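Undergrad: What follows is a structure written as structure tokens; I'll ask about it next.
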């Protein structure tokens with residue numbers, strides 16, 4: 001056994017297998033989508049992308065993902081702060097519960113929202129009587145995105161708060177700075193990279209979300225049809241080229257975000 | 001002030017996570033124990049749960065082996081140039097940025113029934129898309145970064161000293177791996193396994209596109225939940241969802257446990 005692994009041919013074969021697996025599984029499919037979207041030339045690509053339903057779906061997705069991300073930045077920073085800085089009953093329980101959206105299938109998450117806020121629940125009835133609707137409308141999509149992306153900001157901010165040097169904060173207090181001023185001038189700049197990279201990850205996950213949204217969105221074209229559901233619809237109706245064209249839009253956008261996160265993180269590591 | 005923040009935190013957790021979770025658990029009992037059992041023992045439920053199990057096991061196995069090896073190469077290998085390593089390293093994260101639906105679409109585009117490769121595989125009697133292999137491929141793609149990303153930081157942290165010492169003392173590479181590297185990355189790998197199991201069990205978008213969601217054939221637990229909801233059979237959806245949610249909570253506990261061990 002040992003001799004086998006030491007021999008040059010073995011290690012060469014081993015290395016090639018791993019690299020081949022990586023390239024075939026990850027790189028090849030992505031190249032495939034880009035080439036397919038232009039497979040019939042530039043014009044069909046432009047035709048698919050300029051379909052009003054297509055770009056409306058993309059714009060809606062971006063808008064709702066931005067809203068969900070902003071909400072996440074606020075509650076995420078708050079929760080990270082509370083979980084790290086305060087000691088209270090149930091802290092450890094809440095801290096483990098943060099990861100629940102990662103562990104739970106997204107379709108189950110969507111079903112939860114549907115059951116809680118749907119037309120047969122009392123919240124659904126109440127809101128309908130008040131004249132605004134949640135499920136099958138935009139609010140439900142934002143809630144679904146919020147649920148799925150909940151852990152990102154918290155998990156990105158927590159380590160920064162933990163390793164932060166508290167003496168700076170104390171120095172600010174002793175020099176007479178108010179609590180709010182200390183927060184914005186001392187603490188906030190330290191955790192900002194965490195908030196940013198967490199927000200970027202949450203945003204790109206929100207853009208990509210499908211399972212939780214498809215169950216609660218109602219998927220009315222031009223109104224509550226988000227990009228990933230639009231792509232699914234195109235595949236189902238036998239138009240893979242159109243699906244690929246819209247995918248390319250969304251993919252390019254997500255890659256830019258991912259790249260930004262990497263830049264932020266490498267800058268932090270380089271410090 | 002402190003009390004206010006703590007109560008706000010509790011409020012968010014209760015509204016966003018705890019109430020929905022309780023609702024899933026209580027919703028399955030709307031028609032008592034019998035309704036729950038009946039929904040769960042439908043042939044399509046049993047079949048779907050079985051498909052999910054097959055996918056979870058095979059994906060976790062493959063991704064663990066290849067993920068650990070790739071992490072080792074990306075951190076340690078001297079035969080890869082520094083630039084190339086950086087490039088590969090950033091490619092690992094790609095599946096995180098790709099919507100699962102697009103992940104499924106990619107496989108349909110490359111291996112679908114109308115493509116060269118799809119036709120080739122079908123000729124030799126191996127159906128990929130709208131069959132189990134495609135579903136496994138889609139799930140492999142989606143879960144690929146999880147293991148690599150868990151193991152890489154641990155490898156970077158422990159450094160090469162011990163391994164070098166072992167090999168200068170004459171230990172073979174395979175032996176060095178088991179005796180020196182493995183004990184230090186063990187908990188990272190276990191954590192990665194738990195994450196991969198959770199993600200592959202819950203994968204929905206990619207599998208839905210690739211599988212075609214054919215009942216009793218290519219339907220998984222999550223796509224069955226989707227179909228039941230679409231058919232307004234909420235009680236049945238709820239019962240399957242309850243099984244998934246219970247497993248997720250179990251996985252969450254495992255995650256906590258592995259995280260604690262990893263920290264030591």
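Every residue gets a Cβ built from N, Cα and C, even glycine.
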Undergrad: Can you check which of A:139-157, A:158-176 TrEMBL lists as transmembrane segment?
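TA: When A:139-157, A:158-176 are checked in TrEMBL, transmembrane segment belongs to A:139-157.
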Undergrad: Which one of these stretches, A:12-34, A:54-84, A:96-119, A:210-232, A:244-264, has the most C-beta pairs shorter than 8 Å to the transmembrane segment (A:139-157)?
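TA: Maximum Cβ contact count belongs to A:54-84.
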Undergrad: Under 8 Å, at least three CB pairs between the transmembrane segment (A:244-264) and the transmembrane segment (A:12-34) (pairs 6 or more apart)?
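TA: These two segments touch.
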Undergrad: Please report, as numbers and ranges, the same-chain residues at least 6 past the borders of the transmembrane segment (A:12-34) whose CB is under 8 Å from any CB of it.
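TA: Counting only partners 6 or more residues beyond its ends, the transmembrane segment (A:12-34) has Cβ contacts under 8 Å with 5, 244, 247-248, 251.
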Undergrad: Residue list, the transmembrane segment (A:54-84) vs rest of chain: Cβ under 8 Å, 6 or more residues beyond ends.
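TA: The answer is 48, 91, 94-95, 98, 138, 141-142, 145-146, 149-150, 152-154, 157-158, 161-162, 191, 195, 198-199, 202-203, 206-207, 221-222, 224-230, 242, 245-246, 249-250, 253.
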